[in-house]
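According to Swiss-Prot, the protein has these features:
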BINDING   Gly74, Asp75, Gln76, Ile77, Arg96  substrate binding site
BINDING   Asp97  divalent metal cation binding site
Amino acid sequence: MTWTTPDLCDRYPDVTIAEPLFRHFGGRTAFAGPMVTVRCFEDNSRVRELSAMPGDGRVLVVDGQGSLKHALLGDQIAANAVANGWAGVLIHGCVRDVEILATLPLGVLALAACPRRTERRDLGDVDVAVNFAGVPFVPGHWLYADANGVLVAPQPLALDGAGGSI
(Lines of atoms letter the chains of each structure in order from A and count residues from 1; the text may use other names and numbers.)
(Lines give C-alpha, C1' and ligand atoms only; values in the text may rest on other atoms or scores of the structure.)
Protein backbone atom coordinates (compact mmCIF):
# COMPACT_ATOMS: atom_id res chain seq x y z
CA MET A 1 0.00 0.00 0.00
CA THR A 2 1.33 3.42 -0.88
CA TRP A 3 0.99 6.42 1.42
CA THR A 4 2.25 9.93 1.90
CA THR A 5 2.48 12.00 5.04
CA PRO A 6 0.06 14.59 3.56
CA ASP A 7 -2.51 11.81 3.04
CA LEU A 8 -1.98 10.63 6.61
CA CYS A 9 -2.36 14.18 7.95
CA ASP A 10 -5.59 14.62 5.99
CA ARG A 11 -7.01 11.36 7.28
CA TYR A 12 -5.66 11.74 10.84
CA PRO A 13 -5.61 15.45 11.74
CA ASP A 14 -4.52 14.70 15.32
CA VAL A 15 -1.13 13.19 14.39
CA THR A 16 1.91 15.06 15.65
CA ILE A 17 4.11 16.63 12.99
CA ALA A 18 7.82 17.29 13.51
CA GLU A 19 9.27 20.69 12.72
CA PRO A 20 10.93 20.55 9.27
CA LEU A 21 14.54 20.36 10.46
CA PHE A 22 15.71 17.17 8.82
CA ARG A 23 17.41 16.27 5.53
CA HIS A 24 17.17 12.91 3.79
CA PHE A 25 20.48 11.09 3.48
CA GLY A 26 19.41 7.47 2.90
CA GLY A 27 18.47 5.64 -0.25
CA ARG A 28 14.86 5.34 0.90
CA THR A 29 12.89 8.55 1.44
CA ALA A 30 9.63 7.00 2.64
CA PHE A 31 9.71 4.76 5.70
CA ALA A 32 7.59 3.91 8.70
CA GLY A 33 7.60 1.69 11.74
CA PRO A 34 7.43 1.49 15.51
CA MET A 35 10.11 3.53 17.25
CA VAL A 36 13.09 2.48 19.33
CA THR A 37 14.68 5.52 20.95
CA VAL A 38 18.20 6.44 22.03
CA ARG A 39 19.33 9.51 23.94
CA CYS A 40 23.05 10.19 23.61
CA PHE A 41 25.47 13.07 23.24
CA GLU A 42 28.38 12.75 20.83
CA ASP A 43 28.62 9.00 21.57
CA ASN A 44 27.05 6.46 19.22
CA SER A 45 27.73 3.35 21.32
CA ARG A 46 24.02 2.53 21.71
CA VAL A 47 23.28 3.31 18.06
CA ARG A 48 25.98 0.85 17.03
CA GLU A 49 24.66 -1.83 19.41
CA LEU A 50 21.07 -1.46 18.24
CA SER A 51 21.99 -1.52 14.55
CA ALA A 52 23.47 -4.99 15.10
CA MET A 53 20.19 -6.29 16.59
CA PRO A 54 17.10 -7.39 14.64
CA GLY A 55 15.24 -4.27 13.54
CA ASP A 56 12.03 -6.03 12.47
CA GLY A 57 10.96 -2.99 10.42
CA ARG A 58 11.37 -0.57 13.31
CA VAL A 59 12.68 3.00 13.17
CA LEU A 60 15.62 4.06 15.33
CA VAL A 61 15.09 7.57 16.72
CA VAL A 62 18.30 9.10 18.06
CA ASP A 63 18.26 12.22 20.20
CA GLY A 64 21.82 13.43 19.75
CA GLN A 65 20.75 16.69 21.42
CA GLY A 66 21.27 18.54 18.16
CA SER A 67 25.06 18.32 18.25
CA LEU A 68 26.69 19.20 14.95
CA LYS A 69 30.23 18.31 16.12
CA HIS A 70 30.20 14.52 15.60
CA ALA A 71 28.35 12.10 13.33
CA LEU A 72 26.20 9.53 15.13
CA LEU A 73 25.69 7.37 12.02
CA GLY A 74 28.03 6.39 9.20
CA ASP A 75 28.23 3.79 6.48
CA GLN A 76 29.16 0.83 8.70
CA ILE A 77 26.39 1.29 11.25
CA ALA A 78 23.89 2.02 8.48
CA ALA A 79 24.93 -1.16 6.63
CA ASN A 80 24.36 -3.11 9.87
CA ALA A 81 20.90 -1.54 10.17
CA VAL A 82 20.04 -2.60 6.62
CA ALA A 83 21.34 -6.14 7.18
CA ASN A 84 19.28 -6.43 10.36
CA GLY A 85 15.99 -5.17 8.95
CA TRP A 86 15.66 -1.63 10.30
CA ALA A 87 13.27 0.56 8.28
CA GLY A 88 15.00 3.83 9.01
CA VAL A 89 16.87 6.14 11.35
CA LEU A 90 15.94 9.66 12.47
CA ILE A 91 18.83 11.54 14.07
CA HIS A 92 18.68 14.82 15.96
CA GLY A 93 22.33 15.26 15.09
CA CYS A 94 24.69 14.44 12.23
CA VAL A 95 25.62 11.61 9.86
CA ARG A 96 28.68 11.02 7.70
CA ASP A 97 29.65 8.94 4.66
CA VAL A 98 26.70 10.54 2.90
CA GLU A 99 27.57 9.23 -0.58
CA ILE A 100 27.35 5.67 0.71
CA LEU A 101 24.25 6.31 2.84
CA ALA A 102 22.46 7.47 -0.31
CA THR A 103 22.99 4.03 -1.90
CA LEU A 104 21.56 2.01 1.01
CA PRO A 105 17.92 0.87 1.15
CA LEU A 106 17.42 2.64 4.47
CA GLY A 107 15.57 5.77 5.46
CA VAL A 108 18.03 8.20 7.05
CA LEU A 109 17.01 11.64 8.28
CA ALA A 110 19.40 13.93 10.15
CA LEU A 111 20.12 17.59 10.74
CA ALA A 112 23.35 17.70 8.73
CA ALA A 113 26.53 15.89 7.74
CA CYS A 114 29.78 16.05 9.69
CA PRO A 115 32.92 14.06 8.82
CA ARG A 116 34.05 13.58 12.45
CA ARG A 117 33.12 10.30 14.18
CA THR A 118 32.13 10.06 17.81
CA GLU A 119 34.21 8.76 20.64
CA ARG A 120 32.66 5.60 22.02
CA ARG A 121 32.40 5.94 25.77
CA ASP A 122 29.61 3.38 26.23
CA LEU A 123 27.10 6.12 27.09
CA GLY A 124 23.47 6.59 26.14
CA ASP A 125 19.97 5.56 27.17
CA VAL A 126 17.72 3.22 25.18
CA ASP A 127 13.91 3.13 25.07
CA VAL A 128 13.39 6.43 26.85
CA ALA A 129 10.96 9.11 25.71
CA VAL A 130 12.82 11.90 23.92
CA ASN A 131 11.59 15.25 22.69
CA PHE A 132 12.96 17.35 19.83
CA ALA A 133 11.64 19.10 16.72
CA GLY A 134 8.51 19.90 18.75
CA VAL A 135 7.57 16.22 19.03
CA PRO A 136 7.59 13.65 21.83
CA PHE A 137 9.12 10.44 20.45
CA VAL A 138 7.89 7.54 22.57
CA PRO A 139 9.25 3.98 22.29
CA GLY A 140 6.69 1.76 20.56
CA HIS A 141 4.78 4.64 18.98
CA TRP A 142 4.89 4.87 15.19
CA LEU A 143 6.93 7.19 12.99
CA TYR A 144 6.07 7.95 9.36
CA ALA A 145 8.50 9.86 7.15
CA ASP A 146 8.69 10.82 3.50
CA ALA A 147 9.86 13.74 1.37
CA ASN A 148 7.06 15.88 2.86
CA GLY A 149 7.98 15.48 6.51
CA VAL A 150 7.88 13.39 9.67
CA LEU A 151 4.87 12.55 11.80
CA VAL A 152 4.24 10.32 14.79
CA ALA A 153 1.21 8.48 16.10
CA PRO A 154 0.65 6.28 19.15
CA GLN A 155 -0.33 3.29 16.97
CA PRO A 156 -0.19 2.18 13.32
CA LEU A 157 -2.44 4.27 11.11
CA ALA A 158 -5.11 2.54 9.01
CA LEU A 159 -5.62 3.79 5.48
CA ASP A 160 -8.73 1.82 4.60
CA GLY A 161 -12.10 1.27 6.23
CA ALA A 162 -11.24 -2.37 6.95
CA GLY A 163 -8.68 -1.41 9.57
CA GLY A 164 -5.60 -2.31 7.55
CA SER A 165 -2.48 -0.47 8.57
CA ILE A 166 0.70 0.68 6.97
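From the backbone N, Cα and C atoms, a Cβ is placed for every residue, glycine too.
What you see is a predicted model, and the numbers here were worked out from it, not measured in a lab.
Locations of recorded Swiss-Prot features on the structure.
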residue : record                 : Cβ contacts under 8 Å, 6 or more apart
Gly74   : substrate binding site : Val95, Arg96, Asp97, Leu101, Arg117
Asp75   : substrate binding site : Arg96, Asp97, Ile100, Leu101, Leu104
Gln76   : substrate binding site : none
Ile77   : substrate binding site : Asn44, Val47, Arg48, Ser51
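Within 8 Å of the centroid of the Cβ atoms of Gly74, Asp75, Gln76, Ile77, Arg96, where the record puts substrate, the same chain has further Cβ atoms from Ala71, Leu73, Ala78, Ala79, Val95, Asp97, Ile100, Leu101, Arg117.
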